[in-house]
Amino acid sequence: MSALLEVDSISVSFDGFRAINNLSFNIGEAELRAVIGPNGAGKTTFMDIVTGKTRPDAGDVKWGTPPKSLLKMNEAQIARAGIGRKFQRPTVFEDQTVADNLTMALKANRNPFAVLGWRPSVDSAGKVAELASEVGLAAQITRKAGELSHGQKQWLEIGMLLAQEPRLLLVDEPAAGMTLAEREQTTALLVRLAQTRAVVVVEHDMDFVRRLNCKVTVLHQGSVLAEGSLDHVTRNPDVIEVYLGR
Amino acid sequence: MTEKLTRQPFILRNPSILVVLAVLAVFTVAVTLLSQAYGNGTVPTSTVKVLGKTLCLALAAVAMDLVWGYLGILSLGQMAFFALGGYLIGQWLMYARTESIVAASLAGNPIPPTPAELQEGVANQIFGVVGSSDLPLVWAFAHSLPIQLLLVVAVPGLLALAFGWLAFRSRVNGVYLSILTQAMTLALALWLFQNDSGFRGNNGLSGLQNIPGLDAVDQATLSVWFLWASALALGLAYVLAAWLVSGKFGSVVRAIRDDETRVRFLGYPVEGFKLVVFTLAAMITAVAGALYYPQAGIINPAELMPIASIYLAVWVAIGGRGRLYGAIIGAALVSLLSSWFTGGRAPDINLPGYTVNWVDWWQVALGIGFVLVTLSAPKGIAGIVDHLGGIRPPRRATGEVPQPAQEAKA
Amino acid sequence: MIRPLIVLALALLLALPAAANPALEAVIAGNLDQIEKPSRRTVEPLVAQIAATGPEGLALLSAWADRSLGVTDDGRLLIVDGDAVTDAVTGQPVPGADPKMLRPNSGVRGVIESALVAGEISSPDPARRAAALASIARDGTAEHLAALRAAPAEADPALAAQRDRVTALLAIRFDPDPAARVAAIEAMSGDVGLDFRAALNPLLATTRVAAPAGPEANIARALSAGEADFPREAAIALLTSQGILQPRLTPADQRNALAANIVDGRVGGIPVAELSDPAARDRAYEALEAAGAVAPAATEAEVEAAIDAHRFFEIYAEPNSDVTDAARAAETGAQVRLAAMTGIDLGLDALSLASIYFLAAIGLAVTFGVMRVINMAHGEFIMMGAYTGYVVQTLVANRTLSLVVALPLAFAVTFGAGVILYRLVIRHLANRPLETLLATFGVSIALQQLAKNIFGTQARPLTAPAWLEGAITINDVISISSIRVAIFVLALLFLGLFLFIMKRTRLGLEVRAVTQNSGMAASMGINPDRIAMMTFGLGSGIAGIAGVAIGLFAQVTSELGQQYIVQSFMTVVVGGVGNIWGTLAGAALIGGLSKVIEFMNPANTLAAQTFMILFIIIFIQFRPRGIIPQRGRAAEA
């Protein structure tokens, strides 16, 4: 299986604290993967490195075929290469309407002058409307994002991610602060998305991970502790030690 | 719904443009009809000049609002571009005028002057005051109006581009960036203060109110012409700025103001957007300066001191950030009030035991007033206008950098 | 001149009871002819005789050398000092006398002076010996050298050393034997005293000459026209000044010559209207030259030929090349050591400037580090502190006491002002740093104008106590004013105090907690609002003290703070926030760099400041978070 993303023995420390320690693993095309681990395991730092927010001290991150190092690219270039990221807290542009938020995220030339010359078309408007209804915000399309509820903001952000049409989606704790119904909806969405692209979900919540029914990578102290199906890893004595022994 | 999203002309989506243009047109025509040159003379020429200059300041404020209110960069060096524009047009004004004077005086000689003699005479006239008689290299194009006009936008534009590229590339943000812009204008001012900078040191350039080739036109007429030119520039810049901030580009720019990191993760080259807006604003400001100083008549390096740029920020803040008309209202109102109060025409207030002389106390009142506006009406006068007009103000039009969100970390 | 010796001699003389000096009288009587018409070759024994007669004899010699000795018709010698005329032998005033003044030539005077010096140099009174030495050191001659060498050994060790030095310096200049001069130069080599360099300078003085071949002289170096420090124009000027080349025609001369020769609207056949073209002017002038109407001027070809035909040299005025070589070597050595000393002096200057920036910036750094707030009114707090010092000084006459009162009072006043500013303004703008910046700017302009309204626009003096005036001088090059030393000490004190508060007190612990994580600190029972207020007050209070310190050497005006605020910002930004060592590093960097740039470009402090700021803008490119950045992941957000 050719890897879409290949993380090759990366390490990073903050002030002597090793947040990521010789971490390696691969994500394939159209794969759904859950990354779990206790607090401080390095889950968010891993995402920061992949998206270009943090530079690793050692190692390499390769992307696509032929493999290209992501370390030489900045955040925007990585995003344009096809890696989308959903933050833990919903971050949408509250000052602007739902339509504006989605329009901004639509896959298009990101060059400032191209953006300056960009005109809304029937096509783009149609896409925005479609995305809005997909995430259940069709009725809110002209409202300011700041006026939405917390859950609606989460959905708007997911909609923006979809608009970017990424090949790899990094999702940080999507279920946090969601109702049970919303979680089910989210699970269904993630599974459906993973049919056409790779999705990496970072999550605490074992129930949620179980519902995703996918390969699981357990991180601990900045490196991979175990990998496999959820049942497989939960039987791993190291994992039990880390999760229950504390 | 789809139709509504796509086919609305941008002027209709921004009714404020028509209002501003109409007010500007009525104002300009009214002043013209009351002027000494074209009307009944109710408004003296000096007042026409003050009004024309105020329009230029408003133009600079619009550019400042683009940079601060929309892009979120509190630039404390905008007036550097303003003054640069003034210096660059001043070079031509001073050179061309001095050349005609020198040519006239040399015409009395038995032998007609050579070009070198003419230039030497001009250089002596202009730079004698700083003890030099050579024409510095930076005056190489001073004889040519088209080139100097080009430089008026090109030099500040390039300066903004270079400075912005350096600053944005290293992701200097927030107050750091403000201090850096302040340092930029201070460095430029100190440089110009030197006698051998090629710009006559602290003497600056003078006699700019006399337009070469228009000796026959009196100042009363010229003042009205400049009023029209300033109004035209303001109107055009307003439409340009409004167009810029209305579409997707505006969306991205405001998004950068509110959460720069998130915009990066959407794949937008944030630095590029910042550079475009910063440079464009610098050019608009330079044009404002190039129109301002021929009306003021004199420019010197004190105009570049950081305090001037901070005042510009104050005007925009009082007028209302993130609202283009707010910038115009703020600049016009505060600068006119300032010149009225400090001009000694405001009546003193007689308190028991102390007479409040506005020349002395206006600064104090302005300072305190400004603190009060910042504290109690962060949206400025435009916020009140919005309220009266029933326009819903944006929730976060504060132009703040987001605070480091420590709890968002694992 | 020799005048100090004379005055000294006269003063001693007048102190003596007026008494006749028979020995002197006898010498004068026997040699009156020679006294009236002395000859350089023969006068020496006479002078020695007179000198041997005692104080009156010395006084007479002084007056003689100073051309204030007159002779009466009846053969008496009188000393004329302004209106007072005294008899040289008796010392009695002689009213109404009209003596014929004696005018010995310079050779004779040299003999007399060296005899006088020899007398003074061997005087039993150390004060007189010291005065004589000082006088020679100021203005020595070849005769002095001989006298010094002939003088008896000096008993006082300090004076002996000084005499050796003066002798050596005189030997460098006047010793007839070149080998002795070279030896003297080499013996003193490495000395950085101004007097040594002054003695070397005339030896190394050069003049430029143009000659067809190498001149018979001590050649410093050969020059070629067109090199960096000898441009072609200089060569032409040299040739012209030596009369080798006709002066070239200046454009003005050409124009005047043409104007003087206008005939029927034409000059040399060329219409006047065409003469705005330089080429046409040249043609017209050549035509006039051909007609003989104007003097010929050096053409470019002639200039070229003259330059080609000559060689150019720098020659020493001193003919002996051994001496000049030794002097050159000693000069180079002195320059090197001088450069090192200048470096040390520059370092001291930089240190004191850095102390000032540190004092001015430390308060700003504290508030910025803890609250992320730029206080634009910080400069006005400095100004407030300075005015507090001024007001205290008008009330307390004793300068030292007033300073002792002013320092804590300035702290108290600005601490209060800071707390008020915090309570009224800053607290309400939490997490809006740009708005805080602007609001504090409003406070700043209000305070500035307020100070103008209260104290007026003229500068107010804040005088340092006497013990802080003057300077600590180590040698000719290195010196530092006492006030700057005091400010350095003050800065050190504050560094220590600050470290103590931050590391050893409860307040410091809480401040650090709030800086690192305000929310967490609050949940542990720390009141972040109170801590912020205290920090703000502390930072403002330090600004007040900095104000008193700055006021001691700068003018106290309402704009005092403005001059320091931008530098203070730079210090904080360059140093990195949230760390006192960062501020220290920033102050050291900015202070040091300012001095270095100023040193390299001393004539132009404005350009120096410009380069300084440009450097900072570039510096931020490479270290956006300052020299000592705030660490941890929080800083990366």
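Just so it is clear, glycine is given a Cβ too, placed from its N, Cα and C backbone atoms.
What TrEMBL records for this protein:
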- B:17-38: transmembrane segment (TRANSMEM)
- B:50-71: transmembrane segment (TRANSMEM)
- B:78-95: transmembrane segment (TRANSMEM)
- B:145-168: transmembrane segment (TRANSMEM)
- B:175-193: transmembrane segment (TRANSMEM)
- B:225-245: transmembrane segment (TRANSMEM)
- B:266-292: transmembrane segment (TRANSMEM)
- B:298-317: transmembrane segment (TRANSMEM)
- B:324-341: transmembrane segment (TRANSMEM)
- B:361-385: transmembrane segment (TRANSMEM)
Cβ contacts the transmembrane segment (B:225-245)/the transmembrane segment (B:175-193), at least three under 8 Å, sequence gap 6 or more: no
Top partner of the transmembrane segment (B:324-341) among B:17-38, B:145-168, B:175-193, B:266-292 - counted as Cβ pairs under 8 Å: B:17-38
The transmembrane segment (B:266-292) vs the transmembrane segment (B:78-95): 3 or more CB pairs under 8 Å: yes
Long-range neighbours of the transmembrane segment (B:50-71), counting only residues six or more past its ends (CB under 8 A): 31, 43, 78-79, 82, 223, 226-227, 230-231, 233-234, 237-238, 241, 244-245, 250, 253-254, 256-257, 273-274, 277-278, 280-282, 284-285, 287-289, 291-292, 295-296, 312-313, 315-316, 319-324, 326-328, 330-332, 335-336, 339, 397, 399
Tertiary contacts of the transmembrane segment (B:17-38) (same chain, 6+ residues out, Cβ under 8 Å): 11, 44-45, 48, 51, 218, 220-221, 223-224, 227-228, 231, 234-235, 238-239, 242, 324-325, 328
Same-chain residues at least 6 beyond the ends of the transmembrane segment (B:175-193) whose Cβ lies under 8 Å from its Cβ atoms: 73-80, 84, 87, 163, 167, 199, 201-202, 301-302, 304-306, 309-310
